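Per Swiss-Prot, signal peptide is recorded for 1-48, and the stated evidence type is sequence analysis. Per Swiss-Prot, the feature topological domain 'Extracellular' maps to 49-102. What Swiss-Prot records for 211, 243 is phosphoserine. As annotated by Swiss-Prot, region 'Disordered' applies to 266-295. Look at Swiss-Prot and you will find 292-295 tagged as motif 'Di-lysine motif', backed by a curator's inference.
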């Protein structure tokens, strides 16, 4: 099942994935990921390259290069076990392929390694990952409107994502959150987002750290009556996020979306938006920072 699940997900995501891969960021990233393969395999480029093969063939991998590529494959398979979307799978392949390419180029010639590293740095500085642009029922807040909206009508339940555009985890979660908003948004249950990378005072007020070391992005908070009820991921005593997978199933279960949606629809049909009693989250123990290790 560990092998079949990603394959099934890939088949169902082919149309969306093809549009995603057709963007310049992905095309350039793919080119950088196979750069060593092209240099090593394509004549006349490969003809003058050094090699450790016994037959002296410069246009084929030597045993050490094969070992590095096999190690890359093992790392990608391990990392992709926790990936939720196809974009995450492809992103992991791109990232670790570039690392392997850098090692292979430095091993081949330090000048080629420095050139490849320079190209990667230029790519990171000039090309940004494609943002999700699909359909959604999400209201975007700034540092002033978030408090006003949460307090404006306390009968409305809000689920707010605190995100930053530079975070790969936030980008991977974007289509999942958009799908949830399409399924569950109604008059009494609304979805919102606020960019804490841009509005840093919001991150301070709602205690969402933007440091990559804390791994708190993205953060989902459920507000009822203008007050926080549930937050994921939870935070341990050292201020680090407790490992939690941002899958559609986990969000639905932890935030009781089915119950919230049915209750909101019932109140909407009856014309009675009375105060909703808070939904109790599933009991979860936050481990001490002394013992918790990121999975």
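Counting starts with 1 at the first residue shown.
Every residue gets a Cβ built from N, Cα and C, even glycine.
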DSSP residue counts for the topological domain 'Extracellular' (49-102), split into helix, strand and coil: 35 helix, 0 strand, 19 coil
Mean of pLDDT values spanning the topological domain 'Extracellular' (49-102): 83
Modified residues (211, 243), the one with most neighbouring Cβ atoms at 10 Å: 243
DSSP three-state assignment for residue 243 (phosphoserine): coil
Rounded distance in angstrom between the Cα atoms of residue 211 (phosphoserine) and residue 243 (phosphoserine): 16
